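S.K.: Here it is, the structure in full.
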Amino acid sequence: MQGSANLNIMMKAARTAARGLVKDFREVENLQVSSKGAGDFVSRADIAAERTIRDMLMGERPNYGWLGEESEPVEGKDPTRRWIVDPLDGTTNYLHGLPHWAVSIALEHKGEIVAGVIYDAAKDEMFVAEKGQGAFLNASRLRVSDRHRMIEAIFATGLPFGGRPELPAVLKDLGRLLPATAGVRRMGAAALDLAYVAAGRYEGYWERGIHAWDVAAGLLIVREAGGMVGPIGAAGSIFDSRTVIAANSAIFDDFAKTIRAT
Ligand code: IPD
């Protein structure tokens, strides 16, 4: 695909940060972590990757704002544009030597995500989208699946860890979904869950208690692959409500009804 200058900068930053992450993967010294709360870790690798991405993106576009998982937000001179970055989505997988994690970079313009990049370095899978231009995996166009029967569908989610208050609602979601579908997966990287919905590998994804940096790029990629996204609750943007639901368009309504009944 012929991407914009911004998309090319984002892909380059994702690949550069991922090279460092791959180098450090399974290295003992990288297991030095600090905890932001029960089950919520930040490693040396997260911080180094965020610094790399931030230097590259802010170097190229010094006027844009910044929202990243591991550093203070920056209000840009151009208040209409900001980068939204998770330098290492799937930190817990990374720290356990599980090769399922990704770099996620989104560009927001006037409150809307206009470009998104998710790079899974372990599988060399680069998922990208720009608003109105479709979604791609490496050079191939992405389409959501067309499975519309709940009983044939699989869904991904993140389970609330460390005493998070969303647990009772998620257990209810699972109680409704498990008997009615082909199954639920919990792989541990929200950005990749969304990328996989866009690629038709899952029919849908939902999560309660998610952050903007985990899902900003993925939500655009799902939409550009022909899927639908929304908050779980009735009102507010996904970023305010911190709840998200995404699915192929054929199954979205049935899936959303099941989740919203909780
Ligand atoms: C986490 C992962 C996980 C999701 C959590 C996120 P992080 O992101 O995406 O799948 O269930 O809600 O916080 O902390 O590894 O960047």
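Every residue gets a Cβ built from N, Cα and C, even glycine.
Automated prediction, rather than curation, is the source of TrEMBL annotations.
Sharing the record's features from TrEMBL:
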- Glu69, Asp86, Leu88, Asp89, Asp214: Mg(2+) binding site (BINDING)
S.K.: What is the set of residues, excluding Glu69, Asp86, Leu88, Asp89, Asp214, whose C-beta falls within 8 angstroms of the centroid of the C-beta atoms at the Mg(2+) site?
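M.R.: Along the chain, the qualifying residues are Asp46, Val85, Pro87, Gly90, Thr91, Ser104, Ala190, Ala191, His211, Trp213.
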S.K.: Is Asp214 (Mg(2+) binding site) helix, strand or coil when read with DSSP?
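M.R.: DSSP assigns Asp214 (Mg(2+) binding site) to helix.
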S.K.: Might you list, by sequence position, any residue in that chain lying six or more from Glu69 (Mg(2+) binding site) with a Cβ less than 8 Å away from its Cβ?
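M.R.: Long-range Cβ contacts: Asp46, Glu50, Val85, Asp86, Pro87, His211, Trp213.
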S.K.: Return the residues near Leu88 (Mg(2+) binding site), defined as same-chain residues 6+ apart in sequence whose C-beta is under 8 angstroms from its C-beta, sorted by sequence, else 'none'.
M.R.: Leu21, Ser43, Ala45, Asp46, Ala49, Glu50, Tyr94, Trp101, Ala102, Val103
S.K.: Only counting partners 6 or more residues apart, tell me which same-chain residues put their Cβ under 8 Å from the Cβ of Asp214 (Mg(2+) binding site).
M.R.: Asp86, Asp89, Ser104, Ala190, Ala191, Glu207
S.K.: Reduced to three states, what secondary structure does DSSP give Asp89 (Mg(2+) binding site)?
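M.R.: The three-state answer is strand.
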S.K.: In this structure, which of the binding-site residues Asp86, Asp89 has the fewest other Cβ atoms within 10 Å of its Cβ?
M.R.: Asp89
